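Chemist: Just passing along the structure, written as structure tokens.
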Amino acid sequence: MDSTENLFPGSGFQQNDGFTSNLTAVNTSLLYTSLLSPMMDKTINMLMIVVLFITMVSLGCTMEVTKIKDHILKPKGVAIAVLSQYGIMPLTAFCLVKGFQLPETTAVVILICGCCPGGALSNILALALKGDMNLSIVMTSCSTLLALGMMPLLLYLYCQGFSNLQKAVPYVDIIVSLVAILVPCSTGILINYFRPHFSKIISKVGLGVLMISIVVIGIISSVEIGGSLLNVLSPPLMTIASLMPLVGYAFGYIISSIFRLNQPERRTVAMETGCQNIQLCATILKVAFPPAVIGPMYLFPLVYGSFQLTEAAVLIVLFRCYQRFSRKWKSDTNSRCQ
């Protein structure tokens, strides 16, 4: 029996799969059979699933049915935002993967990250940029709901551009993961509708849990994996992780400007486009792929998330400085005119 077969127990990868044979022949450096102890692997899996559940409930608590209805009746902003989210980011991921000529496993990870919907963090960033919060929440809601169909479709389409990559994506596991996140998100919407006084508390708790979990999972994984983390921190992957959110922020703003959205809406679309649900991405990678295939690459969303947060923070600081100097300049101008 081929030794390759034992590396993928119950994973859906067949022995005669083109992806598996190519991975075995060319990219053996990406196969890790003992990155994490079985107990630690299960612990991280359960932790990521629980934290994602709490985060999605808190995201649902920010969604108001009446405001969602208003944007659905006037869908221009939402349509442009969704077009930016599912048009720019997957295409950016595809171009970067092609440009750097990455191995199949790494390519799949980056494509999945690029096809992910917007995350709850984008609402906080849009608020910091004084964006349109109704549009931000509705866009996050719509992109999350549309992910059920758009993620598998986009992954299928973009994987056609690579040889031996079509069978590397666990479509069924991704769809199951997306269906699972709709349940806590719907629960949060119901809580906000019937018990709105609980929603603010749940939202704050969810954001806190999200921040803490990113740090804890990153530390645990780094300690367990050790030197293998350098594969995630390689120059090409660091470059991709830094470019993807920056491209999303820039083109989100440009596209919304072309369609003449107002300034708060432009800033909102920019944040929603470049800021993705990295926790969902990390959970999908950890649950859908066996450890022998994914290796330390499931940590890539954390690296990507650190860049998208850092770059957003820089944009927020620049925006706040611009506002302050603009107000000061107007005040000085008015005082001279008087």
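Note that Cβ sites are derived from N, Cα and C of the backbone, with glycine treated the same way.
As annotated by TrEMBL, transmembrane segment applies to 44-66, 78-100, 106-128, 135-158, 170-193, 205-225, 237-259, 280-299, 305-322.
Any idea what these are sitting next to in the structure?
Modeler: Within the chain, the transmembrane segment (78-100) has long-range Cβ neighbours (under 8 A, six or more residues past its boundaries) at 71-72, 106-107, 110-111, 113-118, 135, 138-139, 142-143, 146, 150, 154, 158, 161-162, 236, 239-240, 243-244, 247-248, 251-252, 255-256, 259, 261, 268-269, 272-274, 276.
Within the chain, the transmembrane segment (106-128) has long-range Cβ neighbours (under 8 A, six or more residues past its boundaries) at 30, 55, 58-59, 62, 85-86, 89-94, 96-97, 136-137, 139-140, 143-144, 146-147, 150-151, 154-155, 158-159, 162, 165, 168-169, 174, 206-207, 210, 237, 240, 244, 267-268, 271-273, 275-281, 284-285, 294, 297-298, 300-301, 304, 309, 312, 316.
Within the same chain, residues 59, 62-64, 67-68, 71-72, 77-78, 81-82, 85-86, 90, 93-94, 111-112, 115-120, 122-123, 126-127, 166, 169, 171, 174-175, 178-179, 181-182, 185, 265, 268-269, 271-272, 277, 280 sit at least 6 positions outside the transmembrane segment (135-158) and bring their C-beta atoms closer than 8 Å to a C-beta of that stretch.
Outside the transmembrane segment (305-322), and at least 6 residues removed from its termini, the chain residues within Cβ reach (under 8 Å) are 121, 125, 128-130, 214, 241-242, 244-246, 248-249, 267, 271, 274-276, 278.
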